[in-house]
Amino acid sequence: MVSVSGIRKVQRAEGPATVLAIGTANPPNCVDQSTYADYYFRVTNGEHMTDLKKKFQRICERTQIKNRHMYLTEEILKENPNMCAYKAPSLDAREDMMIREVPRVGKEAATKAIKEWGQPMSKITHLIFCTTSGVALPGVDYELIVLLGLDPSVKRYMMYHQGCFAGGTVLRLAKDLAENNKDARVLIVCSENTAVTFRGPNETDMDSLVGQALFADGAAAIIIGSDPVPEVENPIFEIVSTDQQLVPNSHGAIGGLLREVGLTFYLNKSVPDIISQNINGALSKAFDPLGISDYNSIFWIAHLGGRAILDQVEQKVNLKPEKMKATRDVLSNYGNMSSACVFFIMDLMRKKSLETGLKTTGEGLDWGVLFGFGPGLTIETVVLRSMAI
């Protein structure tokens, strides 16, 4: 008689979950951060708020962002004037945009990842779709299956309103799926759209104004699987371990509420301090079992929540400036795309490692960390092992 343990062994993969392909995409509309304050106050009919506009210009400059991609154009905003007000009923219009655009850009990223992977779509067994933008029944995961033509037997996991830490969350779930289901191939798609949060300025709401200077649109797709087929699948990173922690005494630091006016959010000024004060604990928990205590000896893929967060993490951990180069490059060229950010960084890192002749996908190093920070305050920590190039 076959034992339960024997059945369980057959059902599971032998090796660790591995990143097999990465694809990214953005809406075609690209905005110049240096002129965004002028544009933003003009399209929202706020040019009379001269002092607030000057303050917003300084906020834009401090972000160290050069460009961002956004679905919303001036033409779209003219057709939807309530979205330009500070708080006017506009959820219907926002939802109509997002349930269309979120899966569309997600499809573009997924198509690139599938092309790099080089295997038939019929081999995809699971789909994880993550977005903070738009809610529908059936979800945008269903819409993506239709757009791509995936097999209807694909097992779907739809994750809404996770926020900026979710790049780590989807890897944690994908790791469990890939390692506990033999031959599983998990397609992850994170697609974010600022149509859910765009609104006009108000001098009493600086949190919203900071968000208008920071957030952007983008999608990333990753294919995860264990036991890559030799000479057929090309491993990029192995997912060694994952962890999620709610930071004590951080309630109210980051959050949001979906209302008739769209998604409203709050960003406490203490967020950079909270993250930096807890970063060493997260690193120690992840890397002590590996005997690693020098965090300059690993590569870094950190969610680019903002310049202040990156600066304080660098200072707290005594990181060399170059450790955050990939993260800061993505921040500069794309802005904060919430859950998708870490995969843009991962993609850039492996490409730059190849271009510069380094020996591994992780800037020539063997071990690395992927961090996500977001509502809760929540910290996701993922330990990665790079692959030889």
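Cβ coordinates are placed from backbone N, Cα and C, and glycine is handled just like the others.
Spatially close to Cys164 (active site) yet at least six residues away along the chain are Ile254, His303, Gly305, Asn336, Ser338, Ser339, Cys341, Gly372, Phe373, Gly374, Pro375, judged by Cβ distances under 8 angstroms. The active site annotation in Swiss-Prot covers Cys164, and the record cites sequence analysis as its basis.
Per Swiss-Prot, the feature substrate binding site maps to Lys55, Phe56, Gln57, Arg58, Leu267, Gly305, Gly306, Arg307. Sequence-distant contacts of Gln57 (substrate binding site), defined as residues of its own chain at least six apart whose C-beta falls under 8 angstroms from its C-beta, comprise Ala37.
Long-range C-beta contacts of Arg58 (substrate binding site), restricted to its own chain and to partners at least six residues apart, with a cutoff below 8 Å, are absent.
For the recorded site, Arg58 (substrate binding site), the DSSP three-state label reads helix. Local packing around the binding-site residues Gly305, Gly306 was summarised as the count of other Cβ atoms within 10 Å of each Cβ; on this measure the leading residue is Gly305.
In the three-state DSSP scheme, Leu267 (substrate binding site) is classed as strand. All protein chains included, Leu267 (substrate binding site) registers 19 other Cβ atoms within 10 Å of its own Cβ. Phe56 (substrate binding site) is surrounded by 23 other CB atoms, counting those within 10 A of its CB over all protein chains shown.
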